């Protein structure tokens, strides 16, 4: 009764704390997913290990992966490539195991196009939630500060629209707990389980 | 920042144990939803209380509710009407509180048409899950028994297709736990929360 694994994508605006939430999720030994390690051309920092923190590759190797269609998503930041190798993701999903990605919003939108049945979770800055309170208490912030914050909020809400779930990162443990519930609950979705039942009956009809 | 409540519909084939799961859910004091009491024309049984177990109404009163569009869903079983009064559901949802319905599959499909943004949960008989094991161990069941079970399974899977989630009722506590996770997780869905954020920014733009 095995089934294809589920692709879980955690993303959100830069600075929201995606990495911290991901690390906390990986520490939980009850997790059943595999974390997909990113590939990068940037230099290894002290303490980082190839194949643990990143797959460290040369620019030529990375570009050859792109050309061969080997990247699920990728982007260039400050002259360095970052991306998700497609093969590990596919093989793990095929084996019936969930795969967890923690990536930037541009990468998440690339993945959404290729894997529309993935679960896309947007990590929301807590100050987006408290924005209204801050505005109500006007006077403490000047007009320019409010306008700047508002512009950021508009752009964040625009991003959020492309996701399935919005999880506020008010506390790391709470955010992790919410994401875990989403994963468990998504496994009960009819489109994800009905093939198992249909196959079961197919097996029987032979 | 209040929002419209969420409509949660629990249904499933007859005999699956919907009532038992519903009762267990209502006992949990942490629940934030309101249970919508059904209306019926059948006689009150010993111990039953009007307005608690059911709203007990005459056939004429029930039919007048139907004519006035006052029923969210209804059906006739063995010469008696059973149904969900629309008004309580609407008022509760408007006030921002979730509403929980436990109804028959035909009723659930009527509700689905009227409230497509509800959460529709199909309670699955555990023997649907173990069907395959039973077939593999052939010989213990005769061909006629297997064929009958298979026919039932086909009809159950057909029903399941119209729901968002499938929850196996192997143990009442486990089923309740799964439903609670679904409810919490559904509250994090972007289409359910994004209006709050948009309104927040709207308030600010005035």
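Just so it is clear, glycine is given a Cβ too, placed from its N, Cα and C backbone atoms.
Just so you know, TrEMBL annotations never went through curation; they're auto-generated.
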With the ranges B:108-135, B:136-163 to choose from, which does TrEMBL describe as coiled coil?
B:136-163
Quick check: with B:12, B:13, B:14, B:15, B:16, B:17, B:18, B:19 left out, which same-chain residues have Cβ atoms within 8 Å of the centroid of the ATP site Cβ atoms?
B:123, B:125, B:169
Which same-chain residues, if any, lie at least 6 apart from residue B:18 (ATP binding site) yet have Cβ under 8 Å of it:
B:10, B:11, B:12, B:102, B:123
Report, as a single number, how many Cβ atoms besides its own are within 10 Å of the Cβ of residue B:14 (ATP binding site).
8
